[in-house]
Ligand code: ADP
């Protein structure tokens, strides 16, 4: 059984083909700079033409979709109705969903009869309790405009749960764990009895931990101050919060390797602020979970930097809780979810 996974970004298309009998990648291609000035590749459709795989030999294509809103809480077979709903959801994730949808449209055009399934980054968090996902705002903002915490990186947190269960020889539903996906984007997740009950990213991926270029938690009144008193326009504020803050804003680099090499005062401060934030979330999630079976580090930073892991897990935090490092694999998780979807749908004439 061969499952392909497409992760379509605004200027990139990542394609992986898995042999699901071995979980191995049998073909992989990353096409970048799509539509950029001086790039020979003008469109996602043209990018897909560069994939040297006969799509008729594939069982399913899984597509990564960042935001599923409240509507999509599990892998979903893509048809015209789903495409229309994804178009409606565009405003919730303007940076990601349009590009994800573009990948879906070009793949549907190229292989109209192939089963294509959308797998959502928000889905793993869709069963969070209301007290976790509601902000203490005027209730109407939730009711009318769906402003709430959705959480992201769900595919990664879900993969980490499965791998932790394997390593600890337990069923997923037996586990209470804290998963930390620390990459350029970063999020923490509290998993109770195998389900996400809280996570650090929110309505958008901006909330929570200090990231490469995103600020994470701040006083929301700062945004008003920037606009009202500093005269910064909406797009400028957006750019500052998402692209010029976090580690980059604090010390001039978003890459932990550079920051550790720089070893100046601001770089040390950036690491102090970043690790302290993760520590605070771990403490909060320990309180929510009461029993914690493992704390799991992942993502480029979590997997590779023993120093950062040690800075976060200083000796008084979670003394008796096992700390694990697991390399995440979001594409394999998407492929697995597609396979599970096919199995569950096979009774209903899934083609
Ligand atoms: P993304 O969120 O873009 O998928 P990754 O999960 O690949 O990002 O993480 C990228 C980050 O991982 C880099 O910015 C870098 O800070 C960090 N990283 C990668 N390798 C190392 C390493 N050996 N030591 C410390 N940090 C690393």
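Including glycine, each Cβ sits where the backbone N, Cα and C put it.
Pulled from TrEMBL:
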BINDING   7, 330  Mg(2+) binding site
BINDING   14, 181, 182, 183, 184, 185, 255, 256, 257, 300, 301, 302, 303, 304  ATP binding site
BINDING   64  substrate binding site
ACT_SITE  121  active site, proton donor/acceptor
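Shown on the structure are the features that TrEMBL records.
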residue : record                             : Cβ within 10 Å
7       : Mg(2+) binding site                : 22
14      : ATP binding site                   : 18
64      : substrate binding site             : 23
121     : active site, proton donor/acceptor : 28
184     : ATP binding site                   : 16
255     : ATP binding site                   : 14
257     : ATP binding site                   : 12
301     : ATP binding site                   : 25
303     : ATP binding site                   : 16
330     : Mg(2+) binding site                : 20
* Structure fact -> Restricting the binding-site residues 7, 14, 182, 255, 301 to those with Cβ under 6 angstroms from ligand 1 leaves 255, 301
* What count of other C-beta atoms do you get within 10 angstroms of the C-beta of residue 182 (ATP binding site), across all chains shown? -> 27
* Structure fact -> CA-CA within 10 A of the residue listed as 'active site, proton donor/acceptor', subset of binding-site residues 14, 184, 255, 257 in residue order, equals none
* **Length of the line joining the Cα atoms of residue 64 (substrate binding site) and residue 7 (Mg(2+) binding site), in Å** => 5
* In terms of DSSP three-state secondary structure, what is the assignment for the residue listed as 'active site, proton donor/acceptor'? -> coil
* Asked: Going by C-alpha distance, which of the binding-site residues 182, 257, 301 is nearest to residue 330 (Mg(2+) binding site)?
  -> 182
